Amino acid sequence: MSSTNFVACVAKIVGNETLWRTGGVDMHGKPATNVSQVLGMTYPMCVAQCGSAPEPFKFATFSNQATSFLLPFLALTAQLPFGGSSHTDNLSTIMLTIGSPTLAVFSLVITVLNSRWIKRRFAQMPYYPNTQQAVTILNNLQESLLRVKSTTSDGRLHLLAPLIVLPENDKWWEHGAAALAFTHTWSMANIASVGWAIIAYIFTIACMDPSSMNIIGPAVACAWIWLLPLVVGWLQNSPNCDESQLRKHLTALNEMFYVSVPPPGYGPPVLADSLTEECAITVWPSLDNSHGSDEARSPPFFNYARVFPWARAVEQIAQAFEAASMRASNRMAVHGAWTASSVKRSIDPGNRSGSANEVAGYIATQFELQPTCWAPEVWGRVVYSAIVACAVQWSCTGAAFVTAWMTPTVGLGCHSVSFLLHGFMSTAVFIIILLGQVFEQFQHCTNPLTPPPIPPSSLRARYKTLSTLFRRVGKLLAWLNASVFIISDLLRFANLFDNCFCGSSVFGHGAQHAYNIVIYDPAMHFVDWWIASVVFATAASFTFWFALFVLRG
């Protein structure tokens, strides 16, 4: 395979007066008027005298750069929280994260904001039993396909009301909060991977060498630095993403779930599993999930797909708690007269017992029913998370782009285009997939005040088709973007971008006006742009992590 030595090529041009006068350029790309000014050549001269081949491949250089700049970040992806039911889901988490950092950051930010929202939502009813346990349980189910059932499918049994009202279910909430305490958090492997990536990043900055005009280190590091706060943020957030563990704990938990005896019978509450297999709170896919919605995938990366249905389910439970809390604050018992408790700020268990219909009526809302397509405040959290995600993405991509742009030859070249392409594709994937999730929710929009209660089947099918199309196109683009992003870094390290076309920034200048700067001159102040870009990307990543730390607090 042919190769080019650009330093030798410039020396050949400098040694021939005809060549340097017709094709030699100074540091600004202007025709050289003196041989001492020649630092490069025009693009046509470069192709004619040097050829179109790149610099020769050097394995020692390739391996050193790959292990210093790329492998630490690729290894860091192994510390992302997984927990999927298949290796495919876990591999998808890695590729989709690299393919769309915007979507990955969005999922993390929306998870943190959801945690803040649910605590604030239930803080309005602090004295009703089990509200804090409900916050713990529901917050830890953000990585699950959460569904709430008010009644059994045949309407014979109430499910949600007895779970909230009956004192026999206090143990359900207590054990549930304790059972869901298992988390994916820090370990020595996490610390080693994060530490390796940080050290590699520091060495990248310390080893910047302007004399070689090598933009690989600073630019690649800036393009990947978003991964550090993302991994650390997930580790601090400790998501509950082990699907098998979750199923095991909830199956055992629902064995202690009590329901009221259905009419016309009357008597003490009985275990629900003696009457039905259905539960008030479920977390695994139903039979109608055969189309493989991302909502059912447990890795936290897919929390973007759960933000709307999770918020709806939580709001449904919160309204039930709110109604029960309001009746309790007004000294209204489920059955009969109110009995004062001997313990301050607590409710006597006798006030929470009654027939099935009385228990169901105790959580009936007194407010006007609203359409249930979107939970309150959910769009505010989505917009805020989207802004943060785009800011993080473009802070890092922008820093890498500026580093590549300002390194001679100044302008839009192969390096800067590759960084820009990754950023645009990442943002496009985020928009496409999020739109797919919005279409998915239109299938579930209901309005209790206006018939029909659900969209016509043909319209639901159309929404489902659009959702599936957007999701698949977005994920395909993300996989493609991740592959191109990794391959382009490998091509950089292999010197395949070090050719006349890429070195002359032809994308920005055009073939007729492009030029290739080969020789370093101290008068070139591009190193200042390197430092500014690295500082900006580092500051943006640290600010993102610090904001997550504050929000979690």
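Cβ from N, Cα, C; glycine included.
Which of 32-48, 66-82 counts as transmembrane segment depends on TrEMBL, and there it is 66-82. The stretches the transmembrane segment (419-439) and the transmembrane segment (529-551) are not in mutual contact, being linked by fewer than three Cβ pairs under 8 Å (pairs 6 or more apart in sequence).
When Cβ-Cβ distances under 8 Å to the transmembrane segment (66-82) are tallied for each of 94-113, 179-203, 529-551, the top count falls to 179-203. Taking every recorded stretch in 179-203, 382-407, 529-551 and counting its Cβ pairs under 8 Å to the transmembrane segment (94-113), the highest total belongs to 382-407. Under 8 Å from some Cβ of the transmembrane segment (179-203) lie the Cβ atoms of residues 68-69, 72-73, 75-76, 78-79, 81, 83, 136-137, 140-141, 221, 225, 227-228, 231-232, 234-235, 238-242, 245-246, 249-250, 252-253, 538, all in the same chain and six or more residues away from its ends. Long-range neighbours of the transmembrane segment (382-407) within the same chain, counting only residues 6 or more positions beyond its ends whose Cβ lies under 8 Å from a Cβ of the stretch, are 101-103, 105-106, 109-110, 113, 213, 215, 218-220, 222-226, 229, 307, 413, 415-416, 419-420, 422-423, 426-427, 430, 434, 526, 529-530, 532-534, 536-537, 540-541, 544, 547.
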